[in-house]
Structures are given as structure tokens and as C-alpha cells.
Amino acid sequence: MSMMSVKGFDAFYGRSQALRNFSIELKSGEVLCLLGRNGAGKTTALKTIMGTVRPAAGTLMLDGKDLTGVPAKDIPRAGIGYVPQGRRLFTELTVWENLEIGLWTRNTDVSALDHALELFPVLKERMTQRSGTLSGGEQTMLAMARAMCINPSVIMLDEPTEGLMPSAIAGIRDAVIRLRDEGVAVLLVEQRVDAVLSIANRVAFMDHGEIKAEFDIEEVRANPELLHHYVGVGR
Amino acid sequence: MDIAPYLLLATLEGLVQASVLMLTALGLSLVFGVMRVVNVAHGEFFMVGALIAWACGVYIPGPPAVGFVIGLVVAPLFVGGLAWFADWAVLKRINYNPEGTIVSTIGMLYIIQQFALLTFGPDARAVDAPFYYTIRTPWFGYSSYKLFIIVIALALVAGLWFMLRRSKVGLLMRATQFDKETAQNFGIPVDKVYSAVFAIGAMLAAIGGVLVVPNQQAHYLMGTDPLLLSFVVVIVGGLGSIPGTIAAAVLIGLSDGLLSVFFSPTLAKIVSTLLVAIVLVFKPQGLFSGKGARA
Ligand SMILES: Nc1ncnc2c1ncn2[C@@H]1O[C@H](COP(=O)(O)OP(=O)(O)OP(=O)(O)O)[C@@H](O)[C@H]1O
Ligand SMILES: [Mg+2]
């Protein structure tokens, strides 16, 4: 049973505070959805967990191991997979080279790759293609596959469906469900509320760098006006 | 009188010069490409390599070839270590800040130069070529050592290409070059990659220095020319592009050889400087780099 726990993260860009007392807990086999308006600090929260934004305060634990303040490169090695906003593929490198880097991270064996390719079989035919030439949907699949190659116990996805067609979105959602059911803990940043409702177990609302409220998905389903209240969208 | 032999001679001289230039410029280009550091002290690594080659040639007993081979091994190792130290002691501490690295590598330039002056003195030092076999053509004899320089340079470039394109380490370097933050998100130790790249860049310059001493005397001020020519090559070839750097080195080396033989070395320098100006104005991404074509 794996578990990630973030407690009391503060983070700054220069003198402006981007995270205030940011805390979340994430268990294996569940999807926690992070919602918030543009600029609320969602991406910053993920970057701070990944260690590329250094927190001024707070702690990060994974499976009882203290990861607070470790070098950024050790976060993925501890088992946190990351699908950044905008995908951030190594677009000059081939599809295979991107996956190879994922496999390198924790020296995982190819079964992790096989698993990813089983979810995204289109990538198999594209191995030698420069990843920057993939379609938008394929790029997102590759970003997910790359993160899956590290065999993560936690995976964090930052708006993976941004700018995708409904058919591609369905593929990503199926993959997230599959990961969740296999016991991966999923932290999902998402703007599309409909997508959230169908796969999340819990929803956390964020504003001005702070978690304002957290609900089980049943509460949100029962009271859709919560969504309106916290992120200004209705159903 | 026939022009063909002169043309052949000038071409050979140009290719020899291009080979050394290619090594030195590739070092500069690799460091800039991956680390975004403009290493003003690059020519000093070349100079230290040359002086070590001289010392090995003079103090190691036996035939010149023994000293040469030992120099070819010791010089890049020593210079690589020096660069590793410089990266650790200076560049890392200023977080590879672009302006900061320019100023601090200028500082390194003077420190290394003065150390070389104190250790080796101001004299120009000559070294015997490791072998003297002369290749006869119908018109002139040509030093086989110079052809050997071309062979060594090509072998090293092939090795570098293989390392970057076919090895795991090269893959991590290319990923770091492309997106440092995402590289870290996949566990790549960016600081170690930087140290290694800075050392490898310096080693390439040092080997260039070793290869050059049998033709050209070693001297504590000899780093300036290779630095300037490397900048010319790197700008003409496209910053950080390895195929572009190779092509530009051949172009600049050949034009330098041809113009020097038929006209004057000064004209050769004028032409390459003009070429830089033209490239900077009309094709600032470099003559040989397509959009985003980075190695
Ligand atoms: N590198 C940076 N330097 C300075 N300020 C930044 C930087 N990155 C983000 N910010 C600021 O921090 C705040 C939070 O940004 P962040 O990207 O985390 O928001 P977000 O919730 O992910 O937004 P979006 O939904 O648009 O992706 C914003 O006000 C943003 O302008
Ligand atoms: Mg964001």
C-alpha cells in the first residue's frame, strides 16, 4: 500500500508566493483530482513535489520515506512519474529514445515498457520517428508511456487532455483508470470537469496557491454547485 | 608553371588545419550546446595540452614517438581534470548564469595563462614529430605526420558522434541539452552531465594542442588563435550543432589553407571574419543548421 503525503508546502517565485501551506495525501489505487482556475498554482504544486521548484517550507513523504529536500533527480528515482503540462517530450529525440530515458530512470526492465505499449499500441509503429513529429494525441500517449516506463507508484498528470479531441481523451482516461486499478496512486490536474467526475475518487480545489477544500467524489456528484462555487464552472 | 601541385599542397594544409580546428571547435560547441556556457578559456585548454605534449616530448626518454603517445594520453587527462575542477570550483557555484560564466571564464583564461608562464616560461617550445616518414608526390614531399593528424581527428569525431548518438551517456547528454528540467524529472543528474561535458570539451581542445605542437611551437599565448577560429567555426556552423561545426571547420580550414598559400594569411583571416559577419547578419542560426537541427 503506497502513499504520498505532502505537508505544508510554501513556494515562491522571487517574492511572490505561489504555494501556501499546500498539503495533500494520496493513496495507492485512487485518483485525486486537483482543480483550480488558471494561475491557481496547480503546476507549481507538481513542480514543487518534483523538486524543480524548491519549497521554502513543508515535507514530502513517499511510503514512509522522507523525500524532503532531496535533489530533484532523486524524486523520480523514488517512484514518482510525471506527465508535465504541455507534455515536455524530448521532441528532438525519437519515440524510442524518450521511452529509453524513462526505462533508464530507475533501471526498470522492459516489462514496464511492454505494459505502456499495451495501453498505447500506436506508439509501437512510431518508435524511430522523431517525437516532435507525433500528433498531439500521440504525444500525450508518449508522455504517459514515458512516465509509466519508470514503473511508478505515484503518477502525476498535469492537464493531459488539454487540446485533445474527444476520442484521444477517452484513450487517456482509460489509461488512467487502468493505472488506478493496478494500484498506482494518481494525482490528476484537470480543467475538464466532466472527465474528473467520471474517474476521480476525491477532488481538491485550489486557489491562490492554497487548497481551499477537499471532497469525496460522491459529495461533488451530489452537489454540483460545489464546482461552480470553487472553479466557476457549472454542469 | 602548373598550378595543380600548389592547389594540392594548399588543400592538404587546409585539411590538416581543419582537422585540429574541428576538434577544438567541437569542444566549444558541445559545451555551449549542452550547458549554454560560452567558454572563453577554451583556447587555454588547447595551450595547456600543447605544453604538456612538449614536456612529454622533451623529458620522456626514448624515441619521439614514445613521448608523443604519452602526451596524447596525459594531456587530455590532465586538462579534463583541470576543467572538471574549474566547473566544480566556479561554474557550478554561479549556477551557470550566462553572463557570469563569460566573466569567470575570462578570469580562468588569465589564471591558466599566467600559471603556464610561471611554469614553462615565455619561450616558444618546439617538439619533434613522432615520425618523419615523408610521402612523395611527383611535385613535393609531404609529412606523413600531418596526414596522421587528419586520421586521428576523424577517428575522434567518429568516436564523439558514436558516444552522443549511440550510447546511454550520450542520450542523457542530449536530453539534458534539450530540456534540463524534464531531464531532472527523469532522474538525470544534470550537474554530473555538465561536469562531464565541460571536461570532454576541454579534452578535445587539449588533443588539438597535442597534435599541433610538432608543426607549431608551444607557447603560453598560443591559445588565442584557436579560440577565435573556434568561435568563427561555431558561429558559422550554428551554435551547438555538431554536423554544422564539422562542416564549418572544413570550410574555414580549407579557405584558410588556400588563401594563405595563394595570397596571404592576413587575407585568410579577413575572409573568415567577414564570413562571420555575413552569417550573423543573414543567417544567425548558422549556415549549416536547419531550424532546430541540433545534435
Ligand atoms: N517561473 C515562474 N516565475 C514566476 N512566476 C511564475 C512562474 N511560474 C508560474 N508563475 C506564477 O505562479 C502562479 C501559479 O502558476 P501555475 O503555473 O502553477 O498555475 P496553474 O494553476 O498551473 O495554471 P494553469 O491552469 O493556467 O496551468 C501564476 O500566477 C504564475 O504566473
Ligand atoms: Mg498549470
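From the backbone N, Cα and C atoms, a Cβ is placed for every residue, glycine too.
These figures come from a predicted structure and were not determined experimentally.
Under the heading transmembrane segment, TrEMBL lists B:15-38 (among others).
The feature transmembrane segment is assigned by TrEMBL to B:45-62 (among others).
Positions annotated as transmembrane segment by TrEMBL: B:68-90 (among others).
Same-chain residues lying 6+ beyond the ends of the transmembrane segment (B:102-122) with a Cβ under 8 Å from its Cβ atoms: 37-45, 47-48, 51, 54-55, 82, 86, 90-91, 94, 218-221, 223. The annotation transmembrane segment is assigned in TrEMBL to B:102-122 (among others).
The transmembrane segment feature in TrEMBL is assigned to B:142-164 (among others).
Away from its own ends, the transmembrane segment (B:193-215) comes close to residues 16, 19-21, 23-24, 26-28, 30-31, 34-35, 37, 39, 42-43, 45-54, 57, 68, 71-72, 75-84, 86-88, 91-92, 96, 125-130, 145-146, 149, 152-153, 156, 160, 169, 172-173, 176, 183, 222, 226 of its chain (Cβ-Cβ under 8 Å, at least six residues beyond either end). Taken from TrEMBL, the feature transmembrane segment applies to B:193-215 (among others).
For B:227-254 (among others), the entry in TrEMBL reads transmembrane segment.
For the transmembrane segment (B:261-282), the residues of the chain that approach it from at least six positions outside its boundaries are 6, 9-10, 13, 229, 231-232, 235-236, 252, 255, judged by C-beta separation under 8 angstroms. The transmembrane segment feature in TrEMBL is assigned to B:261-282 (among others).
Annotation: stretch B:15-38 has the most Cβ pairs under 8 Å to the transmembrane segment (B:227-254), among B:15-38, B:45-62, B:142-164. Long-range contacts of the transmembrane segment (B:15-38) within the same chain: residues 45-46, 91, 96, 98, 101-102, 105, 146-147, 149-150, 152-154, 156-157, 160, 173, 176-177, 193-194, 197-198, 200-205, 207-208, 211-212, 215, 226-227, 229-231, 233-234, 237, 239-242, 245-246, 248-250, 252-254, 256-257, 294-295, each at least 6 residues beyond the stretch ends and with a Cβ under 8 Å from a Cβ of the stretch. Long-range neighbours of the transmembrane segment (B:45-62) within the same chain, counting only residues 6 or more positions beyond its ends whose Cβ lies under 8 Å from a Cβ of the stretch, are 24, 27, 68, 70-72, 74-76, 78-79, 82-83, 112-113, 116, 119-120, 125-128, 201-203, 205-210, 212-213, 218-223, 226-227.
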